[in-house]
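Participant: Handing you a structure now.
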Amino acid sequence: ATHEVHMLNKGESGAMVFEPAFIRAEPGDVINFIPTDKSHNVEAIKEILPEGVETFKSKINEAYALTVTEPGLYGVKCTPHFGMGMVGLVQVGDAPENLDAAQTAKMPKKARERMDAELAQVN
């Protein structure tokens, strides 16, 4: 399956957001990050990646297609707006093994608040 995530200056949950911020996917799915508004990118939060998955970082203003291959949680951030809480989460498969890592990863306060809200949707 293919999923779309828009990178926005303003969305339903406030300023500087990925929308949707939480996606449920299966191994092999593609997540398309679309720079709907300018000045955004998508970068892996290296503490929130399944084992064996390489980090990734897109260029500002460019679309990026992430193919999720391994089960677990994939945390993403917008590099320039991480401090403003621009984070997203992709859950691949069930019962992610790296949930603890996602819950304890150090990040700016606003990013942590939004990540916690996204983690509340994990099942």
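Quick reminder: no glycine exception, Cβ is built from N, Cα and C everywhere.
Pulled the feature table from Swiss-Prot, pasting it below:
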type	residues	note
DOMAIN	5-93	domain 'Plastocyanin-like'
BINDING	H40, C78, H81, M86	Cu cation binding site
REGION	103-123	region 'Disordered'
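Help me picture where these features are in the structure shown.
Facilitator: Averaged across the domain 'Plastocyanin-like' (5-93), pLDDT for the predicted model comes to 98.
Packing around C78 (Cu cation binding site) is summarised by its Cβ count: 27 other Cβ atoms lie within 10 angstroms of its Cβ, all protein chains included.
Assigned with DSSP, the residues of the region 'Disordered' (103-123) fall into helix, strand and coil as follows: 13 helix, 0 strand, 8 coil.
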Participant: Highest CB neighbour count within 10 A among the binding-site residues H40, H81?
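Facilitator: Ranked by Cβ atoms within 10 Å, first place goes to H40.
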Participant: So if I draw a 10 Å sphere around the Cβ of M86 (Cu cation binding site), how many other Cβ atoms end up inside it?
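Facilitator: Counting Cβ neighbours of M86 (Cu cation binding site) within 10 Å gives 27.
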Participant: Could you break down the residues of the domain 'Plastocyanin-like' (5-93) into DSSP helix, strand and coil, giving a count for each?
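Facilitator: Tallied per class, the domain 'Plastocyanin-like' (5-93) gives 6 helix, 41 strand, 42 coil.
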